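Only one structure is covered here, and it is reproduced in the block below.
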Amino acid sequence: MNNQLNTLNVSGSFPPIFKEKIKDQAYHVGDSCSLRVHVIGNPRPTVSWYRNEELLTDGGRVRTTKGDDGRHTITILSTKPNDFGVYKCVARNRFGTVTCRARMLCGDHPTRPGRPHVTKISDREAFMIWEEPDSDGNSHILAYKLDWHRPGDERWTTATYCIDECALIKGLKVDTSYRFRVSAVNAFGISPYSWASVEIRTKKKGASAIDIDDETKRILLRSRQATHAPSPDSSPAASPHGSTENIAQACEEETPKKDELLREVHLQEIDPANFLEFANEVWRGRFTLIRNVKPKSGKKVKRVAKIIPNSSEDALREYEMLKDIRQQRIIRLHEAYLWNDFVFLVSEKLYGENVARSMSLKNKYNEHQVSSIVKQVLDALQFLHHRGIVHLNLQPDNVIMQSRRRLDIKLIDFGRARKISNYDGEKIDRDGTAEFMAPEKVQRDPVGVPADIWGVGVFTFIRLSGVSPFRGETDQETFSNITHVRYDAHSLYHNVTKYALKFLYQILKRNARSRLTTDECLDHRWFQLNAPMIKVRKSAVFSTDKLKTFEEDYIKRRMVGSSPPDALLRAYGAGLSFSSDEEEEETWATRRFSLANP
């Protein structure tokens, strides 16, 4: 068995590992399309590229480049419709080989969204919902455009933009008839309009305001609607590819400079308030407080600061784990401070929810989405295990969406992570949430790489069932369930594919050495990118009802006893609230679109 744990030899040599893997990329026929990787290794790895398992070499419309820092790019010039397929990058040196795959796809505007249904009306407002398009055109949807029309109007009028499949339209006229339609926006254009809604009539002046439940209010708050809009006569069918280019640019992640990627973050013993402006609280944990911050230098970036008492065992451990890690699926630490007996870990700001909550905001999801998220978690773990680090805390709260509109995740919270010197690890305290522990941790046996694989199994099971597989009425019952690998397979959705079931069976094993390794997981058939397998996974569609129930219950349990120490609250507590720029990434998208179409 390849134990995957990298140990440097005397000369400092080690096998290749990807810091950044290729991602699915959509192209506009005729344009160039590039795929990029960042790979490290000593000796420096050689990199080969393949399309549908056929080797690609420089020449014709194919260009490859390599940088001294380990960045490699393949570009297909003047793309054609038949350039789509599964592309593979293989990096090799004499100590090992690593592989990653992604698809290159023809991009298009989304298909028509579902017809809007107006569910609530007042004298000046209307609340409506609709179904997302059947196809996103191989490019994630950036926004929805809402229009209204009154009897006798010559044109439709654009009301607003939003990022979720619901909207509250304001500023309507009293006692007036309206119809509504929706179109979807991606980087390649605007979809055809939906079928118009049934005609509704606003109520007479003085009617009661629309009563919206707390869950919907939260969605609307985080789906901050744009105040600017293109002129109402802009036609989706005629929209050129370039008209939405700015949206795609607006949604790109902040790109770090080359020297920032290489440098280690040093722990500075100085007051962070000299450099950072502290804003609202976003989370309270048992030992931590998280607040939004921004640099006083005026640099337009958003950060979050995790504040931990220095007396906490987790405080400096998390810093040690993250100080020199730069990988696309792992939270990025930018600054670290030690001041007044508190540790401040300043990291990038992620704009999405935890995965369970993000998925539960929809009415349905499919197995392909689940497999995509699980694969990204494995990508993060593969890198950590290569560095001799185990995470040991794969709870729903620790896998966060980078954006509300994309299935891109990052792994956070390294307070329980450990550096290990061998595959099986070492004995550690049995702390943490019982239902997410591996059998070896419950039994107080050595805990290492296999414990993270078990965590992937629990994480996957929850997404394929809406149920925590081993949770009992008490911790002791939970420990017994884990020790005996006792769970109810019938709680999985009835249409889960056989490939997902086999994946779960191969990693939820009592014997740690019998579980798949991270590399073996990533090579599993469940993650294959060929069209037939994707079709099978997409055909397994699940309701989010059980996932919503799990998420609500999980959050309630997490909040019990989650108040930080009084000293921390007195020094840095500000009260929980939502920032006015909570979803600025998404509002950038809609604002940039509106400015591009005046």
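Placed from the backbone N, Cα and C atoms, the Cβ positions cover glycine too.
Just so you know, TrEMBL annotations never went through curation; they're auto-generated.
Because the structure is a prediction, the values reported are computed rather than measured.
These come from TrEMBL:
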type     : residues : note
DOMAIN   : 15-99    : domain 'Ig-like'
DOMAIN   : 112-205  : domain 'Fibronectin type-III'
REGION   : 224-245  : region 'Disordered'
COMPBIAS : 229-240  : compositional bias 'Low complexity'
DOMAIN   : 276-527  : domain 'Protein kinase'
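Summarised by DSSP class, the composition of the domain 'Ig-like' (15-99) is 3 helix, 53 strand, 29 coil. Shown for the domain 'Fibronectin type-III' (112-205): DSSP residue counts in helix, strand and coil, namely 0 helix, 40 strand, 54 coil. Taking the domain 'Fibronectin type-III' (112-205) as a whole, pLDDT averages 95 in the prediction.
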